Amino acid sequence: MSLRLKLHNTLTREKSEFAPIDADNVRMYVCGPTVYDFAHIGNARPVIVFDVLFRLLRHVYGEDHVTYARNITDLDDKINARALRDYPHLPLNDAIHAVTKKTADQFHDDVAALGCLQPTVEPRATDYIAEMIYLIERLIERGHAYKAGGEVLFDTRSMADYGQLSKRPLDEQQAGARVAVEAHKKNPGDFVLWKLSSESEPGWESPWGLGRPGWHIECSAMAGRYLGEVFDIHGGGLDLIFPHHENEIAQSRCAHGTHVMANVWMHNGFVQVEGRKMSKSEGNFVTIYELLHTDKFGGRQWPGEVLRLAMLMTHYREPIDFSVKRLEEAERLLSKWPAAETSDAAADETVLEALADDLNTVAAVQALHALAHAANTDPSRLPAFAASAALLGVLPKKTEMDEAIVSAVDALVELRLEMLKAKNFAEADRLRDELSEKGIQLKDGKDKETGERTTTWELKR
């Protein structure tokens, strides 16, 4: 099967066939977390969406022919504030390290529980200050940046087609949208590339004094370092289109003299919680950790595969309402799928075609459910189901049980058989119910040779 991958490009507002710059090295960059606080459920969506795309690209082009870079922003004013709040007795750099390490470690645990593969590279902003300074110097040399008010700023008027991603005319890009308007700026939309640091802020030596980079230049430097001046796909949440991605494009194109930064720009939709915008003031703010390990949402903990499937049941470009009802629906669906091991079999064509159509995970999940139903009655379909489920990252795993537990279950099953022989049906039913509560599903039958009653059991998902 020759798969034709089509992706919706925010830059063109069209869905078109994807053609990589180099099929031997398909390159994708996705904006990762700012590690000042635990990731919330909205942060989980791009991680899951682009993990599916990563899996699909590896399937199409080969596992060794895809480079996926997802950064960690460990340099931000929010991090500084959290460090001063949580570790007031530590030196600043030690406090910042404590915050970023704890938060990044938790992020890695969270996304692993959501079934996400590790990206090929995961650069941290603080390791690429030299690359950021180099880009800023090039922008100044080329007339796209200037120093004013203790800052180095990008001159948005110096770029004729600034705003092509968001389609916002420059005159409309005034204050707001995380772009501060200050008197020393040439234009209201000019944004910070470098700013001076006080004694209570982290800083690095630069041609413009001790300071730190602006938010946008960080991703330009890291993407360029690992993927080159022009690469294939850049992804992130819808909220990053402006100003972050718009400004990434401006910096990278003007520094390198290219027509594009990435050929395809992809953005996932917003996440609401129980019909409302998620916010701490609304009381519906929930982290991935809380969903996995506490009873904050729906009065119980939720398995990572349930959270993942719940996300994939809506197309990535559509808004999603994250609710207990949605999670219960995803859990019911998963409970009907057979457990399986990873398979080298060919994935189902219907699932592949759905994913190749701009990551239509809704259609892919529907096709996978039909395949699961077939595999439940025809074991020969199980390898295709396993291969297809792995593309979505929702392959139900066989659960290994301790030998002592297996022996205990076998003993109860045998006891129930004895109760049935003795016509003590009430006790047999009680034992069945007891096993069911422990997640054990019984299947009664008859031995073909002796005609005696038999019972097999399996662990329910």
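Glycine is no exception: its Cβ is also placed from the backbone N, Cα and C atoms.
The feature Zn(2+) binding site is assigned by Swiss-Prot to C31, C219, H244, E248, with sequence analysis given as support. For H244 (Zn(2+) binding site), the Cβ neighbour count at a 10 Å cut-off comes to 20, with all displayed protein chains included. DSSP classifies H244 (Zn(2+) binding site) as helix under the three-state reduction.
Residue counts for the motif ''HIGH' region' (33-43) by DSSP state, with H, G and I taken as helix and E and B as strand, are 3 helix, 2 strand, 6 coil. According to Swiss-Prot, the feature motif ''HIGH' region' maps to 33-43.
Under the heading motif ''KMSKS' region', Swiss-Prot lists 277-281.
Residue counts for the compositional bias 'Basic and acidic residues' (436-452) under DSSP, helix first, then strand, then coil, are 2 helix, 7 strand, 8 coil. Marked as compositional bias 'Basic and acidic residues' by Swiss-Prot: 436-452.
The region 'Disordered' annotation in Swiss-Prot covers 436-461.
Counted over every protein chain shown, other Cβ atoms within 10 Å are most numerous around C219 among the binding-site residues C31, C219, E248. Taking the centre of the Cβ atoms of C31, C219, H244, E248 as the Zn(2+) site, the nearby residues of that chain (Cβ within 8 Å, site residues left out) are W215, H216, E218, S220, H234, G236, L240, H245, N247.
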